[in-house]
């Protein structure tokens, strides 16, 4: 009997600790995956909104008649500015450099992932309006 009481108290303490834990801060926008096209999905509503889901999940439509807590897809937030202008080479050149990035979210601070002569680099963005 003591074991069950201790186990119950431990579970209550764990639940309280998880409820007080700070939200997971991930860069980007959390979006729900696409709806399932399967006609076999049962019509079950297991959540009402994101607040009714465990931390790190969202309340998403899984089919036209069901909602459940789901791990969201993260879409990177676009960074401000645009990549600096790089003149094109007059003749093809061999590039021995390796790419440093492939997306803006792989660059620190406000830097953007931009083409720089022959490879992708994290560069400071141009914030001026483009010439017309």
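Residue positions begin at 1 at the first shown residue.
In case you wondered, yes, glycine gets a Cβ from its N, Cα and C as well.
According to Swiss-Prot:
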- 32-60: disulfide bond (DISULFID)
- 43-65: disulfide bond (DISULFID)
- 47-59: disulfide bond (DISULFID)
- 53-69: disulfide bond (DISULFID)
- 83-114: disulfide bond (DISULFID)
- 95-118: disulfide bond (DISULFID)
- 101-113: disulfide bond (DISULFID)
- 107-122: disulfide bond (DISULFID)
- 23-73: domain 'WAP 1' (DOMAIN)
- 76-126: domain 'WAP 2' (DOMAIN)
- 1-19: signal peptide (SIGNAL)
Using C-alpha positions only, work out which of the disulfide-bonded residues 32, 59, 101, 114 is nearest to residue 65 (disulfide bond). 59
Looking at the disulfide-bonded residues listed here (43, 60, 69), whose Cα lies nearest to that of residue 114 (disulfide bond)? 60
When secondary structure is assigned with DSSP, how many helix, strand and coil residues does the domain 'WAP 2' (76-126) contain? 3 helix, 12 strand, 36 coil
32, 53, 69, 95, 101, 107 filtered to the disulfide-bonded residues whose C-alpha is within 10 Å of residue 59 (disulfide bond): 32, 53, 69
For residue 101 (disulfide bond), which of these disulfide-bonded residues sit within 10 Å, Cα to Cα: 43, 53, 107, 118, 122? 107, 122
Cβ neighbour count (within 10 Å, all chains shown) around residue 32 (disulfide bond): 16
